[in-house]
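A short write-up of the structure that comes next.
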Amino acid sequence: MALIIEELNRAHRVQMRYRMDGEKFTLGRAFSNDAILEDIHADGRHAEIRHEEDGSYTLHDLNSINGSQLLGNLQDKSVKPGEISSHQITSGDLVQCGKSRLRLFHSDAAVPEAAPLHSLESFFSGLSRPLNAILLVLAVACSTVLLSYVNYARTYEWTIAVNILASAIIGLVIYAGAWAFIGRVVKHETHFFAHLSIAAIGALSYTVWEWFGGVLNYNFAIGDMMEALDFLVLAIILPAMLWCACYLATNLGRGWRWAVALVMPIGFLGLSLIESLSKLNDFSEAPEISTELKYDNMLLRKPVPMQEFIAGSPALFDIPIEKDESETGNKDSSTAEDAGSNIEVEQ
Amino acid sequence: MPKFPACLLAWVLCSLSALALAQGYEQLYSDYRGSLYQIRLIEKSSNSKAGLGSGFQISADGLLATNYHVVAQAVSDPEKYTLEYLSTDGIKGTLELLDIDVVNDLALLRQDNPGKEYLQLATDTPKKGETIVSLGNPLDLGMTLIPGTYNGIAGGSFYDRIHFAGSINPGMSGGPAINTRGQVVGINVATAGNQVSFLVPVDKLSTLVQHFHQRDEALDLKAVTYQQLIDNQQRIIDSILQADWKRRSLGDAKVVGEIVPAIKCWGNTLDDDESPIKRIDKGCTGQDVIFLSDEFNTGRVEYEFFWLEADNLLPARFYAEYEQQMSTFYPGNSAGEEDVTNYRCHQGFTSQPRTGDVPVSKPDRSKKPLIARTSYCVRRYKDFPDLYDIFFLSLSVDQKNRALVSHFTLSGFTQESADAFTEKFTSEIQWH
């Protein structure tokens, strides 16, 4: 059995790993040490670890200026942190010498089972290919330009196309860049092209939905339902994008990743949905009709003869008048009486 | 120089007649100022003026006539407002509302303390060109006399109004217009600016006075207004349905124009280089509305048509521009939440057979029925539950580069009237 000493960096990642096979292992800033600490707070000879006769390992602080501290144990949460001068090491101890952190393991300590690769891993690796990412971005750019051309009947200037193209691409690149930066900092993984592909897929799906929603609204005049459907679509696209971004760029665990991905977008979307729902029954001076117009090759419904359509209108006239109608009625009559009696009094 | 005296004579005569007329105005003013009043709408809590109008006494027992719109706020919100009169000699008193005619914008009131003088209502109509004078208190400046001429009943309105060539200003509403014999021929009601003003003919007031005397039960303002609105919409719809609807072409379509003289049509063509779509507009509307309150008016008939066409434009692009241009339609009258319910709509696709001769040059599609996206919306009047505002919009969608839009709004009509109008309207619009 040997002792494994892991020196951690400030990001709590292993910077250097040592194997102690002998009887003694020294730690300190001096170059004669087995582990040379790059730490101005560590003494030249800061501490040493001895292999005792009973087979255990003990850490001795060599009267260093800043001392040595036990910060905890990775396997046993009940271990209390504290100052140590002589400490029998158990596997998983986290120790601080000066400002350097060390993790100590017995070489025969069990390691946790390997985490299986996420099923989406191969999907992400496909997305990370620069060619795929660029093709997806081009698809977004082309569809945006095409839609803007089709939805604009006046003379289509090339500057409009350039403008739209540039803003679509810049938008996607900024999104991918931001997440790549977060990933670089937090997880030391950039995945720029994967983020770019995800943003492009999100944008494409929303564009497809917008077109399809237009056709739906044209055919079925779904009105207020449209807003709910839009919410539903965004409530799928945005969490999916955020989930992918969290997966690629952060160290969040499964549960937290889902929580962040679901709660943030749905929370914000929900607020705006509630706001528009609360306005649903508000008085509006103009009739609320769907104004969507498309050529009848998009028409999925069979038109009814005009006479039949008009014949169906009487049902519309049966509009209930809210209860405050009776109150105002009472008010009117009572005030009329009041006015009458006032005059009589004055006469 | 025989001519000179003749000229002089003519000049002297002219001056004399002007002098005589001027003296006549002074006489009229001093004779009738006693029967003129300022009507004040008093806001109760601040006890100050919230609105001003004019009025005049028409009987010895203190009956006073004015415009409905002068007293409307006191009618709709009697807890907040009260009415006062102020004579030209500064005598104040309170007023009791006796009867109203919302269609002709008249109100009958009674003074708590009748004045000594009152005006006679004329029984004969003045001759066109006859001088009549309008009296009132413009902008709270004091009683004013404004001479002008009688020009008969103004054409082009569902509501009879005398066209008075003279300036009526705010505050004169409800004041009388009298002939040189001092008889009331009309009541000041509105102005179109530049000496074009309108008076309610005095026979409407006589009818109202008669109505008041015949009525035995207490005044139920809501019921009276309701009945007047019902009768009025019936009168309008009858005149429209009885008329011969002449079709006019608009692009490749035939639409209706001025059905009755009270409905005026306007047209415009938008054909600028920027837009690939040429649009021809035709809008027709009844000129006047019935004033019920500042936020609520009714009694309007309005319809409009748009013809859009383009050459060799991708259908998707044509329809995108078509959608954009036709995305906002508003009702023809204004009404608030207290007055009407929300619109309730029925939206669908309709087909109508194309009639008439199809020129050989036309594409095949023109033989097929006209497919349109049609909306029919109604909202109900909360205080007058048999009356509705009706909104109809039909946008054709069956041609690649051509479109016809027909739209109408009726305000303050019953379901029967709306049905009859809609049926007639939709059957008259055709695309050949």
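Backbone N, Cα and C define each Cβ position, glycine as well.
Any TrEMBL annotation is an automated prediction that lacks curation.
Annotation source TrEMBL lists domain 'FHA' at A:25-75. Annotation comment: TrEMBL describes A:324-347 as region 'Disordered'. TrEMBL lists A:133-152, A:158-180, A:192-209, A:229-249, A:256-274 with the feature transmembrane segment.
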Exercise. What stretch of A:133-152, A:192-209, A:229-249, A:256-274 shows the most Cβ pairs under 8 Å to the transmembrane segment (A:158-180)?
Worked result: A:192-209
Seminar exercise, completed: Counting only residues at least 6 beyond its ends, the same-chain positions whose CB falls under 8 A of a CB in the transmembrane segment (A:256-274) are 227-228, 231, 234-235, 238-240, 242-243, 246-247, 250
For this session: Please indicate, using numbers and ranges, the residues of the same chain that are 6 or more beyond the transmembrane segment (A:133-152) and have a C-beta under 8 Å from a C-beta there.
Result: 127, 160-161, 164-165, 168-169, 172, 193-194, 196-197, 200-201, 203-204, 207, 211
Exercise. Between 0 and 100, where does the mean pLDDT of the domain 'FHA' (A:25-75) sit?
Worked result: 93
